[in-house]
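First up is the structure itself, then whatever we jot down about it.
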Amino acid sequence: MAPGLDLIWMVISFLLLIHLSSQQETGFSFNGFRQGDLHVDGVAQILPGGLLRLTDTSEQKKGHAFFRQPLVFNSSEPLSFSTHFVCAMVRKPGVTGGNGIAFFLSPSMDLTNADATQYLGLFNTTTNRSPSSHIFAIELDTVQSAEFDDIDNNHVGIDVNSLTSVESAPASYFSDKKGLNKSISLLSGDSIQVWVDFDGTVLNVSLAPLGIRKPSQSLISRSMNLSEVIQDRMFVGFSAATGQLANNHYILGWSFSRSKASLQSLDISKLPQVPHPKMKTSLLLILLLIVLGIILLVLLVGAYLYRRNKYAEVREEWEKEYGPHRYSYKSLYKATKGFHKDGFLGKGGFGEVYKGTLPQEDIAVKRFSHHGERGMKQFVAEIASMGCLDHRNLVPLFGYCRRKGEFLLVSKYMPNGSLDQFLFHNREPSLTWSKRLGILKGIASALKYLHTEATQVVLHRDIKASNVMLDTDFTGKLGDFGMARFHDHGANPTTTGAVGTVGYMGPELTSMGASTKTDVYAFGALILEVTCGRRPVEPNLPIEKQLLVKWVCDCWKRKDLISARDPKLSGELIPQIEMVLKLGLLCTNLVPESRPDMVKVVQYLDRQVSLPDFSPDSPGIGIVTPVLVGGSSTVISNISSPVTEFITHSIQYGIGR
């Protein structure tokens, strides 16, 4: 070759080397790919707007895009590179999404033997995990493959000759503004920025939404030696694949450099727009109407079920004969304003009591729970029978309502509440002797009616001050028939079990059962309670004063019976008060046969006849004995104290409460 030609060839070769060196040093930057020097294969293509689409929504497909010129890694120079790209994964409507995208370096642009699906178009079953592959990749994976030990279906991973990542992390970015990591959904369809920096020893990977600066903290930072993976001549590019589920994989822009310092920034404003598939308007409208219809139907069914359950009741065939005495739960719920606390009147062993208002009058609604069906028919029959009782000194019981697990009893509302509120809770006005005597006469008249004048004999079995209600005129009315039992006149009652309240219970209850004389005993205790202003049992007082019956008798023995009266009654009619105290002792005689019946009691209170001649030392007067349970020797009493304990039963529909 002529010397002149040699010189020309040397100059051309030198200039070419300078060009290649400059190209390798400075790298490239594409804000869209209209003029991008890319090689694409598979289903990958550059769209007219400059958007690189690696895959469309076809199934079982793969697509690659390479920078045409290979990267030359000189062993004498540090093995380093940096890249910044923007990608987006857009799902097909109604599809959960396909596989992901990988940024990678490969010794060849020929990946025709690579598989789609979970292999991301980089490997196949043979080349995966093969050191001879010499493929380094950063995967943005949206499918969790157990085969590759993926951590989840939305992660970033570092892959070296295998899709089993050497390190991975859930897709997220560090928010410098808030100082914490925020998750990113790779399949959201939004554009995502990715930075990959390798300085020869440490690999850093960062993510961020479009429009946010590169985070100060990397998502993944790992010390790595890539000298055995990256060969002298490598191609750089992107790969994506679809399986049975498919979506569009897009690259909007890409900047690459062998040096982090010389990496050019992408111009976000020049990036192409990502198309999002739109449903047809008619189909969207139809689906919207269907969804709205389903929501409306669910709301209507829910409202119906709520309303039905809210007012649901339990009704059985045998209850038809008691229909006039039954209230609907809905009417009681509305009458009490949903059992609002403002109408709460009190709470006792039977349950809670609320004031209610019906169109005709005010009512009191007592609600309490029940379990089981034993004796239910008898219980409701007795409620209906009590609704037929008619006496001015009985609280009128209007009827009932029955729900699953709950009873409601409806009675007339008593404005002044119960007698015990005035005796023991300083409720005003203070009860004068004339009012107290009038209350006792009224209750005595009511018991006389129950025992002798009603269609059946009615045993109340729970006479006490808290069950005596007062109307606006302080007329006493006996209420709370939850323990009441009925039997025909002349028949022997068959009640069993000692039920009631300590101090009001006749000592013969457990051995002989309830009778009219046990009601008389309880009324005698009530007489002493009203006259003395003390409860029948006061365990906190000195032992000689704890039992009211015994203490009143002791006062009489000391010839100071009047000292037992309520101190609030000083100056009242002493002879009349003493007579009433003696009547209380007579009614609480230990021997049932020695107690008067209620006919006599009414006559004594009305002073139609005089009390029989007896003294505090007469048999059975002022004597209190413990109550035996079931006729056994088990005494419901503490031996060191004369105070008998309270015995109570919940309602068991026919066997007591």
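Along the chain as shown, residues are numbered 1 onward.
Placement of Cβ uses the backbone N, Cα and C atoms for every residue, glycine included.
Taken from Swiss-Prot as is:
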type	residues	note
SIGNAL	1-23	signal peptide
TOPO_DOM	24-282	topological domain 'Extracellular'
REGION	25-257	region 'Legume-lectin like'
CARBOHYD	Asn74	N-linked glycosylation site
CARBOHYD	Asn124	N-linked glycosylation site
CARBOHYD	Asn181	N-linked glycosylation site
CARBOHYD	Asn204	N-linked glycosylation site
CARBOHYD	Asn225	N-linked glycosylation site
TRANSMEM	283-303	transmembrane segment
TOPO_DOM	304-657	topological domain 'Cytoplasmic'
DOMAIN	339-611	domain 'Protein kinase'
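Comparing CA positions across the glycosylation sites Asn74, Asn181, Asn204, the one lying closest to Asn124 (N-linked glycosylation site) turns out to be Asn204. If you compare Cα positions, Asn74 (N-linked glycosylation site) sits closest to Asn225 out of the glycosylation sites Asn181, Asn204, Asn225. Long-range neighbours of Asn181 (N-linked glycosylation site) (same chain, six or more residues apart, CB within less than 8 Å of its CB): Ser172, Tyr173, Phe174, Ser175. With every protein chain in view, the residue among the glycosylation sites Asn74, Asn124, Asn204, Asn225 whose Cβ has the most Cβ partners within 10 Å turns out to be Asn204.
For the topological domain 'Extracellular' (24-282), the predicted model reports an average pLDDT of 92. Residue pair Asn225 (N-linked glycosylation site) / Asn204 (N-linked glycosylation site) shows a Cα separation of 13 Å.
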